[in-house]
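Features as listed in Swiss-Prot:
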{"type": "DISULFID", "residues": "CYS25-CYS134", "note": "disulfide bond"}
{"type": "DISULFID", "residues": "CYS38-CYS43", "note": "disulfide bond"}
{"type": "DISULFID", "residues": "CYS89-CYS94", "note": "disulfide bond"}
{"type": "SIGNAL", "residues": "1-17", "note": "signal peptide"}
Amino acid sequence: MMKTLVVLAITLAVVSAGKVKFQDCGKGEVESLEVEGCSGDYCVIHKGKKLDLAISVTSNQDSANLKLDIVADINGVQIEVPGVDHDGCHYVKCPIKKGQHFDVKYTYSIPAILPTTKAKIIAKIIGDKGLGGCIVINGEIQD
């Protein structure tokens, strides 16, 4: 679950580790997000580069399965971020328990096919009982 949100954060950063401000679109499950080369409330990521992330999450439900959805919102049009493994259990040992805390480190390669643009990245973790966490990050994708 936590690794899932990490992937979301992946889609926004680059040069030295820092805490990233994000909008919570869930119910406070995500406690912190660190992205290599990024800090504050706006991240710039570069196509073709690797992105290192660390995220802290507390599960809001018991769940045997986790699904990760990550989209880029570009001028109101939501586009699925390519290359994301949607099976959250590949990142976190399932099943998970309500109240369980996760600290996950994740590395993601920013696809070169992404457009150069400003975007909001929306990452959602979905468990057996619905939304397990959600964050929005403001940023920009550059060459």
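Backbone N, Cα and C atoms are what each Cβ position is placed from, and that goes for glycine too.
What Swiss-Prot annotates, mapped onto the structure for a quick look.
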{"residue": "CYS25", "record": "disulfide bond", "DSSP class": "coil"}
{"residue": "CYS38", "record": "disulfide bond", "DSSP class": "strand"}
{"residue": "CYS43", "record": "disulfide bond", "DSSP class": "strand"}
{"residue": "CYS89", "record": "disulfide bond", "DSSP class": "helix"}
{"residue": "CYS94", "record": "disulfide bond", "DSSP class": "coil"}
{"residue": "CYS134", "record": "disulfide bond", "DSSP class": "strand"}
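Using a 10 Å radius centred on the Cβ of CYS94 (disulfide bond) and all shown protein chains, the other Cβ atoms total 16. With all protein chains in the displayed structure included, the most crowded Cβ environment within 10 Å among the disulfide-bonded residues CYS43, CYS89, CYS134 is that of CYS43.
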